[in-house]
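This report refers to the structure that appears directly beneath it.
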Amino acid sequence: MAQVSLNSIRKVYPNGFEAVTPSSFDIKDGEFVVLVGPSGCGKSTLLRMIAGLEDITSGDLHIAGRQVNHVDPADRDIAMVFQNYALYPHMTVRRNIGYGLKNRKTPKAEIDRKVEEAAALLNLSDYLDRKPSQLSGGQRQRVAMGRAIVRDPALFLFDEPLSNLDAKLRNQMRIEIKALQKRLGVTSIYVTHDQVEAMTMADRIVVLNAGRIEQIGTPSEIYHSPASTFVASFMGAPPMNLVQAQFQDGAVRLPCGTAVLDAPTSRRGPITLGIRPEDVRLGQGQTAFDVHLVEELGAHRLLHGQIAGQPFTAHVVKDTIASPGAHVVDLPRAALALFDTQTGARL
Amino acid sequence: MKRAGFTTHWLPILLLMPQLSIIIVFFYWPAAEAVQSSFYLEDPFGFGSTFVGLENYTDLAGNAEYRRIAWFTVIFTALVTFFSLALALLLAVKADKVIRGARSYRTLIMWVYAVAPPVAGFVGVMLFNQSWGPLTRAFQSLGHDFVLGVNYSDTAFAMVLVSVWKQVPVNFIFFLSGLQSIPKSVREAALIDNRSASGRFWDVTFPLLAPTGFFLLIINITYALFDTFGVIDTLVKGEPGNNPMTLVYKVYVDGFRGNDLGGSSAQSVILMVLVLALTVFQFRLVERRIHYT
């Protein structure tokens, strides 16, 4: 078990590209932290620096109170699960899981015991003498997990471990990994580009964009009070509605002139208004909502259309009758978020 | 995969004809002739031949010189194969780690591949030239008087050296592409599992190179047995004398220098059977077993 602490960790590639701007955060003992962001946001680079697979350009990395910037990956007391599983194709499942222990001079009997234990935990007992090529995707994923847990590391690192699985298996493995992590209580860092995985698995989420940390918080904090328009539009499906508006005559007004919020400040100029689709009240208020398309999702419906010429989505429960055409909506004040149009930061 | 079939037998045969006719004219026909003449004693001047049955073969079995050459061929093949593979693997592993200038480094190593065997042999002759060959001088400074083409072991050394030098680039290319086809994440997983670099090489990299390695093993044995003819011919200058030679060179010497066509045919039939055995070994054992994915 360990506490991980990143202090101004920065990565610059030899070609001058800054993949990760100086980033700092701490991870508590036993915490499950998810790094999420779009492709190329630096989340994998950050994880690989923690693993020791990439050099850290500057900054301090501590695992369990020990500075590990220049420690070999094998000596950092970590275990990593890779996106394509990275199993050793020539070894049986048994040897795959036990390989890390064998190299740590663990006695043979103890390796056998631990491998059997891990295999039982992951329902792999019947497959121990098979080669990875004889396993399904989900089973390979489990072997990769087994290889990680058998070592009893201080820190688990997951690099998009579920992205090669089909949707059904992904949901199942998501729950299994989370349950396993809670049971073992091992501090974990999990990288994904899938915001659903991030929301469902994380104790805390770190949202990254263009090599910079946008926000750190619990799934609920990230969802309900996004720190920037990027987080607002990245987290949640469908994402938060973002509408351009103006401070004018003591109120925030849509371009059509409708006042949606009294503004206590004397501030003037453009502003970005954010609201989650499920907070929109259909059939109330006086904001015109022109619906183009109704998306039927069974448990609920999504109405896609425009407000004041800007794309907008509303979420309604399944009993609400809705058809394309002109509607009115109410945007409850408590649900509105205001962002600086220029910087995207929350006001 | 679904197989498309031909409705008539003539079209496939017609389509195979160009390839088949070349194989028939240049391989099956001469091979059949060789098998046939291996049972005859040919008159050196072409005035007919006498059927002698298996005499050409029994003669070989009892021939001390033939057995000596066969033994030399085994040792020569083993040395050439081992050193070609080992050096190429070493170079490939090192080249795989080169980041700056990787392309030019690889090209430089691969260049030797483009050198024809007799040219390689000729380069060897130059290097070991009696009066100004740099390698001869190097040996001299070590107190050894290196005499290519006269001293048996000196000539054998030069033959192995030039043959290995000629073969390393081919193996290098295969090993390098084999190394680069090992998934990066598998190596990284090993990096986390094992702190020792040599441990990682023998436990993970080497076994994953085994399919490439076994394929190259067969290729190299075949090379050392047969394709080194040009190198040997240049080094011994067609004057075998006391010099070492391989079985293939012996076929040439007996058949075209000694005009013993029957005996030489019997030798080439033996070699043919050897190649056949190697090929069967490769297909049956190696290609089926050493396969991971």
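Glycine is no exception: its Cβ is also placed from the backbone N, Cα and C atoms.
Automatic prediction, not curation, is the source of TrEMBL annotations.
Feature annotations, reproduced from TrEMBL:
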{"type": "TRANSMEM", "residues": "B:12-31", "note": "transmembrane segment"}
{"type": "TRANSMEM", "residues": "B:69-93", "note": "transmembrane segment"}
{"type": "DOMAIN", "residues": "B:70-282", "note": "domain 'ABC transmembrane type-1'"}
{"type": "TRANSMEM", "residues": "B:105-128", "note": "transmembrane segment"}
{"type": "TRANSMEM", "residues": "B:156-179", "note": "transmembrane segment"}
{"type": "TRANSMEM", "residues": "B:200-226", "note": "transmembrane segment"}
{"type": "TRANSMEM", "residues": "B:266-286", "note": "transmembrane segment"}
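Looking at which of B:12-31, B:69-93, B:105-128, B:266-286 has the most CB pairs under 8 Å to the transmembrane segment (B:200-226), the answer is the stretch B:69-93. For the transmembrane segment (B:69-93), same-chain residues at least 6 beyond its ends with a Cβ under 8 Å from one of its own Cβ atoms are 109, 156, 159-160, 163-164, 167-172, 174-176, 178-179, 201, 205, 209, 213, 216-217, 220-221, 223-225, 228, 244-247, 250. Same-chain residues lying 6 or more positions outside the transmembrane segment (B:105-128) and placing a CB less than 8 Å from one of its CB atoms are 91, 95, 98, 134-136, 146, 148, 154, 158, 161-162, 165-166, 168-170, 172-173, 176, 227-235.
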